[in-house]
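Participant: The structure is given below, and queries will be raised subsequently.
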Amino acid sequence: MGKVVAAAAVVCTAAVCAAAVLVMRHRMKSSGRWAKAEAILRELEEKCGTPTGKLRQVADAMAVEMHAGLASEGGSKLKMLISYVDNLPTGDEEGVFYALDLGGTNFRVLRVQLGGKEKHVVKRESEELSIPRHLMVGSPNDLFDFIAAAVAKFVATEGADFVLPPGRQRELGFTFSFPVKQISLASGTLIKWTKGFLIEDAIGQDIVEELTKAMERIGLDMHVTALVNDTVGTLAGGRYNNADVIAAVILGTGTNAAYVERANAIPKWQGLLPKSGEMVINMEWGNFRSSHLPLTEYDQILDAESLNPGEQIFEKIISGMYLGEIVRRVLCRMAEEASFFGDDIPPKLGDPFILRTPDIAAMHHDTSADLKMVGSKLNDILEVK
């Protein structure tokens, strides 16, 4: 499994660099400083190169780390966390359920009515909200109070189709997309923050308990029945629709993978083996690093200036949280060494994360239609006159 998913993820590095080249090339041709700018781009492409041989080296290195992570706690850069999910959905499930997905800078609340094998998903409603930047580095109470209030507001929109049987408490599945050491299916302590979050007082705390206390503070009658990583949740969703699904990969704000492992192949598992003989493993592969990864100077500087230097290296070179920032850093060098924007460097170009990955993706999409539009969008973001 490690070789397949590692190869797929590393390819993203080359794809984004290619997008950056397409976005910039229009401006380079019109700037009159083509040679120096082109040299910077050629160097970038070469350092981001992922030929088959390199992909195999990365995949082999990841496979070694996977085995080490399954063998013992702390024995690998990959935590290979036991999820306590030993049975995945079958498609027979019925009833009304809520889900909260805290995956990064946004979170989503979802309400679904399942109708069993024949009807599957009868009705589904959801709402997505952004988390204010100050709550990502504030206090646990501030963050979870904000989330609980949003969940309560969403519950208040519950229509007649979603009425619960008398005496039944609303059930909530909590998808929490950060490294957590699970204690049981419905509890787990936060190991560390990623994706730009850094709330020190929450580290080592039971995340379910924090959310439960926030819901109690506002009188929301809801019970968290399962705590899962977003990748585990994605795997469960895939299995709900297809019994052959055994792995899931997230490539979004962050990146991660989860898969179904044989329980007897997990040396660090203690206690009785589950009856199913299987266990879902949350790899936390964003923290993977290897000398074989194609790290550029831009990646290295971004890491050094991040909130968590030396950690989440794999995530920093391929995930949406950072790709736009990597492009900005390439543009900075081109502006300084090749006068890419003319004699004056746009002040906005000095703002970290001013270029978001969705902006870059949109520009890449537009190159096939109108290169002038790409340049115009870049000018708008950086307020180039």
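For all residues, glycine too, the Cβ spot is worked out from N, Cα and C.
According to TrEMBL, the protein carries these features:
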- 41-240: domain 'Hexokinase N-terminal' (DOMAIN)
- 247-384: domain 'Hexokinase C-terminal' (DOMAIN)
Participant: What mean pLDDT score does the domain 'Hexokinase N-terminal' (41-240) have in the model?
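Facilitator: Overall, the domain 'Hexokinase N-terminal' (41-240) comes to a mean pLDDT of 91.
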Participant: Over the span of the domain 'Hexokinase C-terminal' (247-384), count residues by DSSP class, listing helix, strand and coil in order.
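Facilitator: The breakdown for the domain 'Hexokinase C-terminal' (247-384) reads 65 helix, 18 strand, 55 coil.
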